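One structure below.
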């Protein structure tokens, strides 16, 4: 239970809730705690502790910690009894607020029994509600042993301890627990039983409890520290009952002196042994503040400015709107109807009061934590309104509610705003009183037939995916479109008017015509085409419900064409459910969003006070509807408040006005005085004299905190305290100068009391540092005689001076500079408010100042000044005629242009040819000359070829040749030859190209067939792999079930480990790192802007100085020495320079001097004085002469070089010395401060309640493997067998005239052969051998000439 986190009011605190005993209890003893006569004296280290148990040697240290107030009183809380206990001992003032902590001074009562020394003193208890739901710290002595425990005790209602030395009539009884209580800390420490006093220092800071202890010496040493994470609110000292202890015997009395601690700054002094020998509470007195400012226990004499004693509010103005109703938040939280995360509910509470303590007590709280808000600050605060959201928690999705989580609950149901000031409440309701309201808030879901979720009574519905649609969305297809579908025909129906039907197209495949292809297939969660699906996945925003669940459009509509569109219940996708029941209670989440902190009338009345009167004219503390501060109320007449407004703010968000609802009066709120207080301190005195500058003593006495002083009065400078008014008395020397000719004079008390009987050693007197002296009776010096040097010789010198008057203007994109394009950084940067706007505003002001400065300089230069140019000096050289073109590179539109322009691309067509090896050679041959067409005929495998593409010029040429050949045969027949060759060669080119394409087709077919074989093998391997995966996964699932059973008993340890991991891997770590980077960059940017402001100040000062020098040096001759150059000014020139002006000064500079005696004036006859005019009176050879101040030239004194005076007196006024504070701020130890902050950074651990019904599901991949096997068979049946294209071999035949010539030649050959055979002797011999073959020649008729043509 986290109720104990909050500080409970004193009136609600009780000691324990278990009545251990009722015997011998009464309410007769009305003792109240004694108040000590001694006060806290920290000068010897009382109340201090050694800082983090560290050692410091021979040093003085300023340290801020939890200390008692110097001069505070102690209260004795020791209670002693014998037989009876009083009920009043367990109520205030004995039951006290712990607040920051306490310092205890405990008497060690020593009793001797049977020659044995016993140590007795009371036990102290520190806790909050003192029951077993919170931790209680108990420090109990056991005769030399300190037993210190921090446990969840069940404290008795009337607890007490008994005397160990002599026994007691009663039995010790201070807690009772049925079992051993849960303890965070349990340890024993020893202490010195012989010590007279024991000192304890207990305090808490940011959830950590610290304990310090000492039994020798008064500074305490570190004992232990313990992180509780809660606030300890109360403490009390348990009564000690004993037979022997008597209040009448000093050595047997009990004393337990306690004083509260507060966060204060102390000055500590450590000696050479590291022991604290002296201490000062910096805010306890005026002297202590001076000691802390100087970090010295013996400050030097001087005047110091103080700040710690400026304001003392004398009253409190508290205002709340009366009679507001109760918000009744608890009634709404305990309502039996609980919504699901899908339809979470919201309620806004305003203009009412709520009691957070009561609220958390009336609901069964599991945890309560806050984000961007200290939950302890809710008590007593007011808000504009409180927004409360709630819903039941599905058990398996509890982790989704962690801040920054992206689980289903926050991505698709309810988004927690981590940037708002909010608190998260986890609570539960009894099972019998809960009704889960599972409702779909989506209107477009309900339009198309969404009914109920059909889940059990305690199941909570939540969305896994959210979808948004346009207002004209309809999930049904158009009947007129899908009626023509042959395959994959979807359901259809009539959509409502104004909506669009589901998009469906008729498509044609290789085997099926009119195949329907519709959108959002197979469903909107896993659609193939998310861009065309009208259902878009979305993430819920802050304050938004899920727009709608997904709809499987395949299940929307009917087979009837004229029915209205509706969807079946199983068409709605993307939702889940789980039970909210745990331990017979339903777990519920509620988010409190606090709007307008300290700016409204929705107030917590946990610490409610009564409305008070408005005190005017004095400094008061105020609490106006939760807004706190200090100020002075002054009644005014104001008509600018509306009836719903009651506070007036300035542009910086500070409250400056107030309208009282009770009296209808209006007030302006002025700040309390926080001005300058000067303390005049004389070394080794006991206190300083004070000067409240510009304040009347009447205001000081009513509003300013100070030690009562009998001496105060109003002076010209302000109210003076602890000094005597003696302004009629003057002194010539003063160590404590207050300014304006006044001084604080100090005299030792002993001598002053004898002469005047004045108790204060300080006097407020007039300061007159000099008296007039005379040299002789006739002519006397006025103001003294001095020795100076006057120039006697000069030389002309030149001097160059540059003054910057402007600079380049700077503008910065602050957001881009810090974050670039990182969205998370931009989101976090927005929380820094108007920082970036202020940066740009400052830079704009800087730029405006630059403009104004430039204008002022220009105006000064335009009036009677000629700018000099081309001045060659020893500091400058001409920079004319420098050529920068080589640095600029290529400029203009011609850079990077190619030989082909865009115009050429538009005017000419580009033709790309498939080249099998001769087109490139042809182009290289022609070189762009089309007339070389036939000259560049290429040979490809022995065949003459040309590219099959002709340009317009080539077509015209060949056509003309063919036409001429046909018109004038036979003379022009030769003109047709080029045309014929051109056609034939290009046909050859097409032929060889087709041959290559045929070969490529074969290669493609072979490669594709090989790919199909590879795919087939791959699917086969995949099927085998899936089979293996199935066996391995099932084996792992079996092992996982066994492992979960083994981890069941040890799950608590795992949860603890996860908590430790979460503490290191917190979701906020990324934001912390981003915030560090932003802080670093903002610091750099702020430093840069600060430098810009500093620079513009210098530039503005430089511009003013430049204008002054233009007016005094350039336009005229300056009488000032070393202002226009070095020496006496002669002439100055000015020239423009980058970002400024260059001055060239000419002056004459002294080279030699003469030492003379001079006097500021002379007194003649003792009653009339003269003073020199633009020179000096010098004493030369016992006579007085006059000389100029810039050149030694003595001349007689005359009425032309003197000024006459009525008297010879001199009035002296001297400015006071102001001592600047040169002390270096003392920062606390970095590691200690870091540990204090870091240990409070905690994370909410996820709910890791073990579900014993977890079962690892075995995978069944049989169906998937069958599908893959079928795919393999289908691929096998789709093997491509490309038909090979036949190749035709063409033989080129000879022309007909060649064949005719061959026949003629053959006949001639036969005739010659016949002649030889028949007409010569050789032929007769042959005939004889042929056996009359010639005779048979003409009768043979079977000779056949066979010709074979394969074509």
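Keep in mind that glycine also has a Cβ here, set from the backbone N, Cα and C atoms.
Summarising the annotation, Swiss-Prot assigns coiled coil to 1030-1074 (among others) and lists sequence analysis as the type of evidence. Looking only at the coiled coil (1030-1074), the predicted model's pLDDT averages out at 58.
Annotated coiled coil per Swiss-Prot: 1257-1285 (among others), in sequence order, evidence recorded as sequence analysis.
In three-state terms derived from DSSP, residue 20 (disulfide bond) belongs to neither a helical nor a strand segment and is classed as coil. Residues or ranges marked as disulfide bond in Swiss-Prot: 20-156 (among others).
Positions annotated as disulfide bond by Swiss-Prot, on the basis of sequence analysis: 151-183 (among others). Cβ-based neighbour count (10 Å, all protein chains) for residue 183 (disulfide bond) stands at 12. In the three-state DSSP scheme, residue 183 (disulfide bond) is classed as strand.
Annotation note: residue 163 (disulfide bond) sits in a coil segment as assigned by DSSP. Using a 10 Å radius centred on the Cβ of residue 163 (disulfide bond) and all shown protein chains, the other Cβ atoms total 22. Under the heading disulfide bond, Swiss-Prot lists 163-242 (among others).
Positions annotated as disulfide bond by Swiss-Prot: 282-292 (among others). Reduced to three states, the DSSP call for residue 292 (disulfide bond) is helix.
Taking a C-beta cut-off of under 8 Å and a sequence gap of six or more, residue 327 (disulfide bond) has these contacts in its own chain: 349, 352, 353, 354, 386, 602. Annotation source Swiss-Prot lists disulfide bond at 327-352 (among others).
If you take the C-beta of residue 370 (disulfide bond) and look for same-chain residues 6 or more apart in sequence within under 8 angstroms, you find 378, 421, 422, 423, 424. In this structure, residue 370 (disulfide bond) is part of a beta strand by DSSP. If you look up Swiss-Prot, you'll see 370-423 (among others) marked as disulfide bond.
Positions annotated as disulfide bond by Swiss-Prot: 382-603 (among others). In sequence order, 320, 598, 599, 600, 601, 602, 603, 604, 625, 626, 627 constitute the residues six or more apart from residue 382 (disulfide bond) in its chain with CB-CB distances below 8 Å. DSSP gives residue 382 (disulfide bond) a strand state.
Around residue 925 (disulfide bond), taking its Cβ as the centre, 14 other Cβ atoms fall within 10 Å, counting all chains. The disulfide bond annotation in Swiss-Prot covers 925-936 (among others) and rests on sequence analysis.
Among the features that Swiss-Prot reports, domain 'BetaCoV S1-NTD' is placed at 14-294.
Summarising the annotation, Swiss-Prot assigns N-linked glycosylation site to 19 (among others) and lists sequence analysis as the type of evidence.
Residues or ranges marked as N-linked glycosylation site by Swiss-Prot: 29 (among others).
Residues within less than 8 Å, Cβ to Cβ, of residue 188 (N-linked glycosylation site) and separated from it by at least 6 positions along the same chain comprise 145, 146, 147, 148. According to Swiss-Prot, the N-linked glycosylation site annotation covers 188 (among others), on the basis of sequence analysis.
Under DSSP, residue 454 (N-linked glycosylation site) is assigned to coil, being neither helix nor strand in the three-state scheme. Of all Cβ atoms in the shown protein chains, 9 besides its own fall within 10 Å of the Cβ of residue 454 (N-linked glycosylation site). What Swiss-Prot records for 454 (among others) is N-linked glycosylation site, and it gives sequence analysis as the kind of evidence.
Sequence annotations record features per position, and here Swiss-Prot assigns N-linked glycosylation site to 664 (among others). Taken residue by residue with DSSP, residue 664 (N-linked glycosylation site) is part of neither helix nor strand, so it is coil.
Straight-line distance linking the Cα atoms of residue 925 (disulfide bond) and residue 684 (N-linked glycosylation site), rounded to a whole number, equals 115 Å. Ranked by CA distance from residue 292 (disulfide bond), the recorded positions 151, 156, 684 have 684 at the top as the closest. The Cβ of residue 20 (disulfide bond) has 156, 157, 158, 159, 173, 174, 175, 176 as same-chain neighbours under 8 Å, each 6 or more residues away in sequence. When the disulfide-bonded residues 156, 936 are scored by other C-beta atoms within 10 Å, 156 scores highest. For residue 151 (disulfide bond), the same-chain residues lying six or more positions away in sequence with a CB closer than 8 A to its CB are 135, 136, 138, 181, 182, 183, 184, 186. Residue 292 (disulfide bond): 24 other CB atoms within 10 A of its CB, across all protein chains. Cβ-based crowding with a 10 Å cutoff singles out 603 as the top-ranked of the disulfide-bonded residues 352, 603. Classification of residue 423 (disulfide bond) by DSSP places it within a strand.
Cα-Cα distance from residue 664 (N-linked glycosylation site) to residue 684 (N-linked glycosylation site): 56 Å (rounded to the nearest whole number).
Looking only at the recorded positions 282, 684, 936, the one with its C-alpha closest to residue 163 (disulfide bond) is 282. Spacing of residue 936 (disulfide bond) relative to residue 242 (disulfide bond) is 133 Å (Cα to Cα, whole number).
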